[in-house]
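Some features that TrEMBL has for this protein:
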type	residues	note
SIGNAL	1-26	signal peptide
DOMAIN	76-413	domain 'Peptidase A1'
ACT_SITE	Asp94	active site
ACT_SITE	Asp290	active site
REGION	428-456	region 'Disordered'
COMPBIAS	434-444	compositional bias 'Polar residues'
COMPBIAS	445-456	compositional bias 'Low complexity'
TRANSMEM	575-597	transmembrane segment
Amino acid sequence: MDRSSLLLLLFTTTTISIFFFDLTTADESPMIFPLSYSSLPPRPRVEDFRRRRLHQSQLPNAHMKLYDDLLSNGYYTTRLWIGTPPQEFALIVDTGSTVTYVPCSTCKQCGKHQDPKFQPELSTSYQALKCNPDCNCDDEGKLCVYERRYAEMSSSSGVLSEDLISFGNESQLSPQRAVFGCENEETGDLFSQRADGIMGLGRGKLSVVDQLVDKGVIEDVFSLCYGGMEVGGGAMVLGKISPPPGMVFSHSDPFRSPYYNIDLKQMHVAGKSLKLNPKVFNGKHGTVLDSGTTYAYFPKEAFIAIKDAVIKEIPSLKRIHGPDPNYDDVCFSGAGRDVAEIHNFFPEIAMEFGNGQKLILSPENYLFRHTKVRGAYCLGIFPDRDSTTLLGGIVVRNTLVTYDRENDKLGFLKTNCSDLWRRLAAPESPAPTSPISQNKSSNISPSPATSESPTSHLPGVFRVGVITFEVSISVNNSSLKPKFSEIADFIAHELDIQSAQVRLLNFSSSGNEYRLKWGVFPPQSSEYISNTTALNIMLLLKENRLRLPGQFGSYKLLEWKAEQKKKQSWWEKHLLGVVGGAMISLLVTSVMIKLALVWRRRKQEEATYEPVNAAIKEQELQPLSETSNA
């Protein structure tokens with residue numbers, strides 16, 4: 001999927017009601033927002049916000065894991081369960097959308113996604129919303145319907161329904177009834193994407209957050225934490241957490257736009273302030289933070305200033321072409337393949353808010369790895385023809401972002417998001433089968449970001465070379481052989497790694513039963529699996545949380561093992577080369593000795609035979625030995 005279509009698709013994150021704004025002008029192409037947003041509720045009233053601030057008691061949280069990687073997949077997903085019994089779905093986390101929707105079994109125009117379609121007929125708690133004055137109705141005037149159309153011509157439409165939504169056993173929040181979209185048709189990138197649907201976290205009464213707040217089961221706050229470069233995953237919390245020490249805040253005006261905006265005033269590169277008028281960040285929709293957008297987009301003036309300032313700080317690096325000839329990417333080589341070392345080459349960028357506080361962006365927050373040149377990186381910052389500043393997920397990698405809607409502010413803290421998830425997670429299986437008891441929310445203070453995850457509770461696992469595990473799969477039809485390549489892709493998706501890292505080592509079958517042994521190997525450019533990734537995989541396997549779609553049949557994790565790969569000494573690394581060199585030296589020496597002997601023998605033979613007519617040198621006769629007289 002190219003960057004333009006990816007950006008367009010993920011601007012589900014920038015869905016907007018026609019009740020709010022007209023996003024196009026006569027002489028200007030539209031920003032990449034959906035052109036219409038039917039059945040969106042009216043703009044929130046001041047009374048709504050005042051009512052929400054009346055919640056003073058601590059309420060439970062929904063702790064949810066994030067999957068995928070922003071640059072590899074184009075989005076982050078979380079798991080949501082709908083119905084009784086619960087049916088599982090992988091949904092794109094989207095702060096710009098206000099509706100959650102999944103494909104339904106009645107959909108004849110829906111793509112093939114990660115999980116089976118939602119089957120309303122199997123849920124005893126499902127109910128389609130009947131037509132009423134607060135919704136758009138179908139042609140027959142019987143049911144409430146929704147429709148979402150996007151600028152790249154993809155769309156989603158279906159029936160608004162209500163059912164029990166569960167958030168996983170890591171959550172303190174019990175399952176709740178909520179309204180969602182039951183898709184009957186999807187087109188464009190929505191049809192082809194791997195994720196099942198969208199989880200809307202924007203402002204509006206159809207948003208999951210708004211619905212939970214209106215029920216009084218969570219406070220009007222949620223948080224997202226995206227994993228770092230080449231790590232992926234992360235955590236999401238629906239509900240309030242205590243602001244950790246060091247968190248910086250920016251005001252967010254809910255009446256400026258329906259998006260989550262921040263009060264950006266100035267940018268600094270390597271500690272030097274850019275000569276920009278603060279108004280450049282306040283055009284049109286202001287500065288918008290969007291979880292569904294991949295990169296960062298600035299007005300042209302600001303983009304040029306940032307690009308030039310970064311280039312000025314890296315004179316030792318070579319400017320090269322980007323991986324895609326269709327785009328004029330700003331890329332550099334010479335920084336090395338180790339992501340942990342790129343801060344030694346690229347400068348920090350600081351975003352200064354109206355209150356004077358600054359959010360520091362490390363290189364991983366504005367760079368992406370060049371896909372064709374090793375040790376090369378490209379700016380994940382691009383110019384926007386619109387005057388809106390749009391900050392995508394790359395800007396907040398390894399950053400806890402708290403959307404404090406109750407107090408109209410957004411908080412930011414650099415932290416290790418994978419470590420944060422482990423602090424939040426509980427060891428139970430994620431698929432809820434019964435309501436979970438509600439507990440009081442606890443204070444969560446994420447630890448500062450570190451280069452590698454702690455592994456003290458897994459002694460000796462400091463360099464993992466391979467992780468192997470065996471699963472048994474029981475297929476419904478003995479004539480259908482599992483597609484191992486598809487299973488490998490899903491395993492990679494579950495483990496948040498590249499598909500090439502998952503390999504089938506062995507398999508056996510008996511009737512409908514298959515026993516498969518899989519291996520997880522380091523990325524092509526590495527000698528071992530990083531501590532963060534290895535620990536995440538081992539914890540997932542240890543807690544038996546590896547889940548495969550039902551289309552592969554029923555499955556069971558049998559066993560798993562992590563094999564260490566200790567750092568080799570110089571002799572261990574080069575022993576083969578040394579031995580080979582010695583053998584070659586001996587062979588060459590032996591050959592040279594043989595050649596010398598042959599040459600010497602030939603010389604001797606040439607000296608033995610003289611020509612027939614050659615003059616013979618006279619030789620003095622030796623006297624006979626004297627004998628004594630008799």
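Keep in mind that glycine also has a Cβ here, set from the backbone N, Cα and C atoms.
The Cβ of Asp290 (active site) has 25 other Cβ atoms within 10 Å, all protein chains considered. Counting Cβ atoms from all protein chains shown, Asp94 (active site) has 28 others lying within 10 Å of its own Cβ. Confidence for the domain 'Peptidase A1' (76-413), expressed as mean pLDDT, is 93. Rounded to a whole value, the Cα-Cα separation of Asp94 (active site) and Asp290 (active site) is 8 Å.
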